[in-house]
Every structure is written in C-alpha cells, then in structure tokens.
Amino acid sequence: MIVIINASNEQHDLKFSLANLDAIVKEVIQKEQQTCDEVNIYFVDTATICKLHLDYFNDDTPTDCISFPMDKDENSPYKILGEIFVCPQTAIEYALSHELDPYEETTLYLVHGLLHLMGYDDLEENDFLIMKEAEIRHMTHLKKLELYIK
C-alpha cells in the first residue's frame with residue numbers, strides 16, 4: 001500500500017521521532033480495510049490546538065486532536081484522507097495525571113484522529129463505544145508490533 005504521509009512536528013513539548021509514523025498510519029488504514037493516497041498529520045502546541053478548536057468548534061479549550069476529513073470527489077482517482085492535528089502536550093498532561101505513557105497516549109490520539117477521518121464518530125454514546133472498541137483494537141495491534149510514536 002502506497003500512502004503519502006505528510007507529517008510536521010510543530011511543537012517542542014514531547015520529543016519524538018517521526019520514524020514510526022508511516023508504519024502506524026498504514027497499519028490502521030489497512031486494518032480498517034480503507035484505501036487512500038495521502039494523509040496530512042501535524043503535531044502542534046497547545047496554543048495552536050486551542051486556536052483551531054475555537055475557530056472550528058467555538059471552544060477555546062485544549063483538546064487531544066482535531067481531524068478534518070477531505071471532501072470525497074467521486075470522479076478523482078486520488079483520495080486524500082484528510083488532516084489531523086495532534087497536541088502532544090494534552091497527552092503529556094493526561095498521561096501524568098493517569099500514570100500512563102505520554103508516547104502511547106500521543107499514539108492513541110493519532111489513531112483517534114485517523115478513525116475520525118475514516119468515518120467513526122464519538123458524539124452519541126453508541127458511536128462512542130464503537131470508536132473506543134476500534135481504538136483498543138488498534139492500540140493492542142500496534143503494541144504487539146511495538147509501533148508507537150517515540
């Protein structure tokens with residue numbers, strides 16, 4: 001599977017390499033039996049995620065990730081899945097308060113964003129449970145492969 005993954009690390013809160021990013025993204029897409037040609041991923045600081053949250057959701061509080069699916073052009077053979085903005089600082093804070101690994105938490109936020117791009121939703125309770133199950137399934141699989149953002 002050839003997928004162009006455009007990634008940008010625009011934050012300095014959590015030091016990590018983007019080396020595993022391609023493999024993580026491809027594993028999730030493949031396990032979901034989806035296809036795409038391109039996905040854009042940005043790791044951003046708290047100020048940036050708050051601005052995006054305010055601009056698009058009228059909420060100026062920090063959040064874990066924000067996903068923007070691309071409109072599907074049925075006539076185009078090239079499929080851009082969308083854009084994901086992940087905030088590692090949110091992962092650090094959550095991980096510290098729950099005795100978790102911030103790298104695993106950041107990976108979870110990436111998986112969460114990918115699932116949103118592939119049509120999962122978490123606003124209604126039933127959808128939330130379905131999405132949570134998918135997150136657990138993917139994180140378990142990635143853990144077996146030792147694939148985390150680190």
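A Cβ is built for glycine as well, from the same backbone N, Cα and C atoms used for every other residue.
Straight from Swiss-Prot, the features:
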BINDING   His112, His116, Asp122  Zn(2+) binding site
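Most other Cβ atoms within 10 A: among the binding-site residues His112, His116, Asp122, that distinction falls to His112. In the three-state DSSP scheme, His116 (Zn(2+) binding site) falls into the helix class. A Cβ within 8 Å of the Cβ centre of His112, His116, Asp122, the residues given for Zn(2+), is found for these other residues of the same chain: Cys65, Ser67, Gly113, Leu115, Tyr120, Asp121, Met131, Glu135.
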